[in-house]
Amino acid sequence: MNTFTIKRSPIFLSGKGAVSAIFFGCLLWLAPPVLALPDDSYRLNPGDKLEITVWEEEKLKQEVVVLPDGTISFPLVRQHVRAAGKTTEELVGTLRSLLGQFIADAEINVRLIAAEGNRIYVMGEVAHPGAFVMTSPTNIMQALSMAGGLTEFAKKNDILVLRREADGHSRSLPFEYGTVEDGKNIESNILLQSGDTLVVP
């Protein structure tokens, strides 16, 4: 196990700056680490990389990528298997059912290697705009931190989250960074979903 040590230098703040710094720090530290792989409740997305093993069937060990249509292929199974939207445990159940005619009581393990499909996009007035992989539940403030924070020109109370719903319709969700930074309207700091785009004007 790797051990990481973080050294902190003392920072002295007063007044509103101190409150904002403490509050913003709490938003980041209380949330799950963004470098960890998702937990068991994570639902697979196109682009995710999986390792699939079957006990005592070494030839069936596979590394697969969830295809753009949300499916994977697997030996012995003649059809593409739906993976997107399922947890790894749910996918195990599906594979076990499909392999049942070939291997009785198959012991199957599905391990998420990389959550490459779980991407969000941050654009506009941030230090490092681009695409980012969410490897754990990530809220708006965390995503902005991943992008290096806002620039001095950002209109921090006019941020939008662009989201495409399952029915194909798009909607925009307003987010006021400055308000949340001041400890108000915290509930607007929502968790992002795969495919969300943060626009910082």
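Glycine is no exception: its Cβ is also placed from the backbone N, Cα and C atoms.
Any TrEMBL annotation is an automated prediction that lacks curation.
Taken from TrEMBL, the feature domain 'Polysaccharide export protein N-terminal' covers 39-112.
If you look up TrEMBL, you'll see 119-200 marked as domain 'SLBB'.
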Confidence summary (mean pLDDT) of the domain 'SLBB' (119-200): 93
Secondary structure content of the domain 'Polysaccharide export protein N-terminal' (39-112), with strand meaning DSSP E or B: 15 helix, 19 strand, 40 coil
